[in-house]
Amino acid sequence: MANTKKTTLDITGMTCAACSNRIEKKLNKLDDVNAQVNLTTEKATVEYNPDQHDVQEFINTIQHLGYGVAVETVELDITGMTCAACSSRIEKVLNKMDGVQNATVNLTTEQAKVDYYPEETDADKLVTRIQKLGYDASIKDNNKDQTSRKAEALQHKLIKLIISAVLSLPLLMLMFVHLFNMHIPALFTNPWFQFILATPVQFIIGWQFYVGAYKNLRNGGANMDVLVAVGTSAAYFYSIYEMVRWLNGSTTQPHLYFETSAVLITLILFGKYLEARAKSQTTNALGELLSLQAKEARILKDGNEVMIPLNEVHVGDTLIVKPGEKIPVDGKIIKGMTAIDESMLTGESIPVEKNVDDTVIGSTMNKNGTITMTATKVGGDTALANIIKVVEEAQSSKAPIQRLADIISGYFVPIVVGIALLTFIVWITLVTPGTFEPALVASISVLVIACPCALGLATPTSIMVGTGRAAENGILFKGGEFVERTHQIDTIVLDKTGTITNGRPVVTDYHGDNQTLQLLATAEKDSEHPLAEAIVNYAKEKQLILTETTTFKAVPGHGIEATIDHHHILVGNRKLMADNDISLPKHISDDLTHYERDGKTAMLIAVNYSLTGIIAVADTVKDHAKDAIKQLHDMGIEVAMLTGDNKNTAQAIAKQVGIDTVIADILPEEKAAQIAKLQQQGKKVAMVGDGVNDAPALVKADIGIAIGTGTEVAIEAADITILGGDLMLIPKAIYASKATIRNIRQNLFWAFGYNIAGIPIAALGLLAPWVAGAAMALSSVSVVTNALRLKKMRLEPRRKDA
């Protein structure tokens, strides 16, 4: 190969030599390709002819075989974007770069998230490419105070606005002369006075628009800066032309439009300031989450307590937490007992009792006892850090509903410039033939009324505020896509154990004396069965002292048999009692049947071959489960329960909470198939679960909802995480989605409607340029302000909410 390039790809998913051989063979089948795949290093080295192939082709080939190519993700801060055309252009350019798998640019957060192949490109190249487009870019620094940076930028905008307003206000008086035929001092109408005021506004305050326009045009793009620069320049330089005519005596009453250019720039700066101020409020939820983090920790070193910064805590460190202090990091209690306020994580205001070996979560509040703990997760691995990461990703992601606005934004400015040019031609040739000024005014109005900003802000601002508000209530959406999909859900499938129920069996009924209970708990205390644990805990709550068993024997399918202090104990079902010739009184038999019908596990107890008690154990239904399911029904959503339990137990639980559809006796591997069956009926299905065996069903469902108290596998597989396990958050999540999508539609309707109506009105000459500029400035502000209404939304579902 005369013209060759070499690249190295990190491959994931290979398990043996057959994998590496398969990939190597497939790559080498491509023309002019020489590939070697190393299983040990998990790398593929590929030599190829760049005229025939590119790296993406090799990546696609590897992925088609079922393997992955390692991708790195970087977040970039971008400044200088003024409208949707800017963010769309940067996104388009990044996605065309070699080695970039996917790039999204968010105008609201002023950030880009880029997934790239490290063998082909790196973060510095991405930054350089953005800078070449005329914007400032840097790799996001998580330790940098973004709030103070934005506050400084906002202050800078305010100063420029004030200076521009002071210079423009005297010129504004001229507009009142035109509108209301007012008398004003001659100084205000003096061309030199107007020139002196308007020029610094145009070329010092407004220089940013020229710079932005130049950078965009140089790179083959166009944005809002182009519209503002062209529109205000037309007014300003026409005024210069008229002023020259006045100076050389060609006219005694020059038609000046200095006030138009200056007031336009001031109004646009005013709109941008209001927009930036409103946008800064959209990230409040994230700021509140960050403020929850502890700042320092008390570490035990050589027997002494030392306060250290939080970032110096390592896994395995021994920490001491006193009453009223925040738990610094995730960990496990090794000494002491206390109550922990976990409301920031679960929303539950009642403190949770914690003892030795219990886990504690960083940033929760220690209420009343000094504890010693071992750090198990620190830094970015803590529960709060993961919550913040999920919220950040959701707020910077794009919803599919945004695609139309993105497409239009890419063509918006050139179309508007074309309409403005056409307006000028029509006016000067047909409407007012040969008269320059009306044509100029109408075309300037078209240029300045058009607003690509409103289009670009319509979706991301709503997503930011909506996901932030949801996070404040313990609902974590993993992205805008899932916010949009959730509002379409018409069927919710709930796993039973750990989702509808607490997942921990407890004693619900006991008939017998304390001696029988003591013997029963002693017999069960060495068993690892969850039912045995429930019985032992029940006895401990009664403060009974457990002794030791002399003999113990499990009777498969029947129960247990034990000897304790010369007492013979039998615990089990009817069959066990019958086999030992122990008769059941009718009332005991009726109780047993009643418990079993309610889905409880009932056990008979006999001491020395005499029936002495009956105990029932069940996995109890969660608080508010019934209310949550009623709310879902009120919203017009069908609710089903999916469980591996037998039908009787499942029906009993379903009856308690008001679920009509029960899918029972399902093996874990069959859960995903049951979801698919519902989807084949045309239903949009959400699956709610908490265990490892729920993960495939969570992935298969249109929306997977994980209970935050569940396993990491389930949470990773889900699209939404409900913190704390309160089922009332499920209808709230759906309502948050519906409210956010409704808000986005309002924003898009306003953004599209404003431009569709405003541009023709301006072209007809019905709006003065300064009125058009004011309308443009306020259009994007109105979109952001409407999105901010979501901050106050009450997550209370409406009946049959559409």
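Every residue, even glycine, has its Cβ placed from backbone N, Cα and C.
The domain 'HMA 1' feature in Swiss-Prot is assigned to 5-70.
Summarising the annotation, Swiss-Prot assigns Cu(+) 1 binding site to Cys16, Cys19. Secondary structure at Cys19 (Cu(+) 1 binding site), as computed by DSSP, is helix. Non-local contacts of Cys19 (Cu(+) 1 binding site) by the CB criterion (under 8 A, 6+ apart in sequence, same chain) comprise Gly13, Leu39, Tyr67.
The domain 'HMA 2' feature in Swiss-Prot is assigned to 72-138; the stated evidence is sequence analysis.
What Swiss-Prot records for 161-181 (among others) is transmembrane segment.
Residues annotated as transmembrane segment in Swiss-Prot, with sequence analysis given as evidence: 192-212 (among others). Here the transmembrane segment (192-212) has Cβ contacts under 8 Å with residues 80, 82, 134, 160, 163-164, 167-168, 170-171, 174, 223-226, 228-229, 232-233, 236, 239-240, 243, 256, 258-259, 261-262, 265-266, 269 of the same chain, all six or more residues outside its ends.
Taken from Swiss-Prot, the feature transmembrane segment covers 224-244 (among others), and the record attributes it to sequence analysis.
Annotation source Swiss-Prot lists transmembrane segment at 256-276 (among others). Using a Cβ-Cβ cut-off under 8 Å and counting only residues 6 or more beyond its ends in the same chain, the transmembrane segment (256-276) has close neighbours at 82, 150, 153-154, 157-158, 160-161, 164-165, 167-168, 171-172, 174-175, 191, 194-195, 197-198, 201-202, 205-206, 209, 228, 231-233, 235-236, 238-239, 242-243, 440-441, 444, 448, 453, 457, 768-770, 773-774, 776-781, 784.
Same-chain residues lying 6+ beyond the ends of the transmembrane segment (411-431) with a Cβ under 8 Å from its Cβ atoms: 84-85, 222-224, 226-227, 230-231, 438-440, 442-444, 446-447, 450, 452, 455, 759, 762-763, 765. The transmembrane segment feature in Swiss-Prot is assigned to 411-431 (among others); the stated evidence is sequence analysis.
Here Swiss-Prot flags 438-458 (among others) as transmembrane segment. Nonlocal intrachain contacts for the transmembrane segment (438-458), taken as residues 6+ away from its ends with a CB within less than 8 angstroms of a stretch CB, comprise 82-85, 87-88, 107-108, 223-224, 227-228, 230-232, 234-235, 238, 257, 260, 264, 268, 275, 279, 402, 405, 408-409, 412-413, 416-417, 419-421, 423-425, 427-428, 431-432, 744, 747-748, 750-752, 754-755, 758-759, 761-765, 767-769, 771-773, 775-776, 779-780, 782-784, 787.
According to Swiss-Prot, the feature Mg(2+) binding site maps to Asp690, Asp694. Look at Asp694 (Mg(2+) binding site): DSSP puts it in a helix.
Positions annotated as transmembrane segment by Swiss-Prot: 748-767 (among others). Tertiary neighbourhood of the transmembrane segment (748-767): same-chain residues 401, 404-405, 416, 419, 423, 427, 431, 438, 441-442, 445-446, 449-451, 454-455, 457-459, 775-776, 779, 782-783, 786, selected by CB-CB distance under 8 Å and a gap of 6+ residues from either end.
Tertiary neighbourhood of the transmembrane segment (771-790): same-chain residues 263-264, 267-268, 270-272, 274-275, 278-279, 281-282, 444-446, 448-451, 453-454, 457-458, 461-462, 464-466, 469, 739-740, 743, 746-747, 750-751, 754, 758, 762, selected by CB-CB distance under 8 Å and a gap of 6+ residues from either end. According to Swiss-Prot, the feature transmembrane segment maps to 771-790 (among others), an assignment based on sequence analysis.
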Open item on the list: Using a Cβ cut-off under 8 Å and a sequence separation of 6 or more, which residues in the same chain sit near Cys16 (Cu(+) 1 binding site)?
Closed with: Leu39
Open item on the list: Neighbour count first, Cβ atoms within 10 Å, every protein chain included; then name which of Asp690, Asp694 tops the list of binding-site residues.
Closed with: Asp694
Task: Residue distribution over DSSP helix, strand and coil in the domain 'HMA 2' (72-138) - done: 23 helix, 24 strand, 20 coil
